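A.B. asks: Mind having a look at this structure? Questions to follow.
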Amino acid sequence: MGKLVALVLLGVGLSLVGERFLEFRERSNASREVESIEPENCHLIEEIENGSEDIDILPSGLAFISSGLKYPGLPNFAPNEPGKIFLIDLNEQKPRVQALEISGGFDKELFNPHGISIFIDKDHTVYLYVVNHPHMKSTVEIFKFEEQQRSLVYLKTVKHELLKSVNDIVVFGPEQFYATRDHYFTNSFLLLFEMILDLRWTYVLFYSPREVKVVATGFSSANGITISADQKYVYVADVTAKNIHVMEKHDNWDLTQLKVIHLGTLVDNLSVDPATGDILAGCHPNLMKLLLYNPDDPPGSEVLRIQNIMSEKPRVSTVYANNGSVLQGTSVASMYHGKILIGTVFHKTLYCEL
């Protein structure tokens, strides 16, 4: 009798896992193919071959690019090379990148940069906050940007027990930021289990030297995060749920959800066009192609623009789409004066004039 009960429970368990796996394939857009939509004036940026996972642009047109991310389960073409921060001046007629030197005693060999965010202080000093994964842990590194020397000076590493599986950050003040946690488990097997069962245990947290707290929960995989131009609203991408959460920011740093924009594609990082307030989303059309990388059938790329996001019917349009023949695994897109930089998790970087 005991064996029969065990077999029945095993069968029910396997049936449940199988059902959830089929749902996961559907959430992953496993059968989706991409139709190309490519602006005419585009070219790949030379020297960036190992990803440009996140991009943030100063009002002056200087863009910071994080490159070389090593992330469990995702491709990486240079596993033994440390990550880098690149700089590109979008005011140049033919923008070129340069890798920024890092001084101040920072361990560059363990640099594994993920999401980034710029903070400009009252005295116009520029700071770059970088999510880092040394030994696959999560920290936030704080650097000061030396514009004349085109370099970064390491200032501090932020650690906290809630800063786990950190994906992206958006900075509001000196050592004040929101951060997203994209997975609850760090073990590869349990991580896959979490994704298939859609546990929704990830969150957004607020960090400051005085207070650290979770301010929003219930995400399948909280990913990119950014702030509206007036700093009243926070936008959070939930990548495997294929949507963007619009959150109201309160004086105590808590967040209240106002609406959810469903996009039908897997949304990675977000940015705001400073000229229009539109949101740009770097997206993965087919997650399965990203997870099960095949160079003969690579993951495609997609960039969406969301206009009038606070209206009853926001307008969603495609800025760029490619089947992977040019750009694979898009993670971010950022605008500056009609020019757009499109970054990827592990591949190349595209520059377009719209």
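Glycine is treated like the rest: Cβ placed from N, Cα and C.
No curator has checked TrEMBL annotations; they are predicted automatically.
As annotated by TrEMBL, signal peptide applies to 1-15. Taken from TrEMBL, the feature Ca(2+) 1 binding site covers GLU53, ILE116, ASN167, ASP168, ASN223, ASP268, ASN269. According to TrEMBL, the Ca(2+) 2 binding site annotation covers ASP54. Look at TrEMBL and you will find HIS114 tagged as active site, proton acceptor. What TrEMBL lists as N-linked glycosylation site is ASN269, ASN323.
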A.B. asks: About how far apart, in whole Å, are the alpha carbons (Cα) of ASP268 (Ca(2+) 1 binding site) and ASP54 (Ca(2+) 2 binding site)?
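C.D. replies: A Cα-Cα distance of 10 Å.
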A.B. asks: Fewest other C-beta atoms within 10 angstroms of its own C-beta: which of the recorded positions ASN223, ASN269, ASN323 fits that?
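C.D. replies: Checked ASN223, ASN269, ASN323; of these recorded positions, fewest Cβ neighbours within 10 Å: ASN323.
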A.B. asks: Would you mind reading off the Cα separation of GLU53 (Ca(2+) 1 binding site) from ASN323 (N-linked glycosylation site), to the nearest angstrom?
C.D. replies: 18
A.B. asks: For the recorded Ca(2+) 1 site, enumerate neighbouring residues of the same chain (Cβ within 8 Å of the Cβ centroid of GLU53, ILE116, ASN167, ASP168, ASN223, ASP268, ASN269, site residues themselves excluded), in sequence order.
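C.D. replies: Filtered neighbour residues, in order: ASP54, HIS114, GLY115, VAL131, THR180, GLY224, ILE225, ALA237, SER331, VAL332.
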A.B. asks: In whole Å, how far does the CA atom of ASN223 (Ca(2+) 1 binding site) lie from that of the residue listed as 'active site, proton acceptor'?
C.D. replies: 11
A.B. asks: Write down the Cα-Cα distance for HIS114 (active site, proton acceptor) and ASN269 (Ca(2+) 1 binding site), rounded and given in Å.
C.D. replies: 11
A.B. asks: When the Cα-Cα distance from ASN167 (Ca(2+) 1 binding site) is computed for each of the recorded positions ASP54, HIS114, ASN323, which gives the smallest value?
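C.D. replies: Comparing Cα positions, the closest of these recorded positions turns out to be HIS114.
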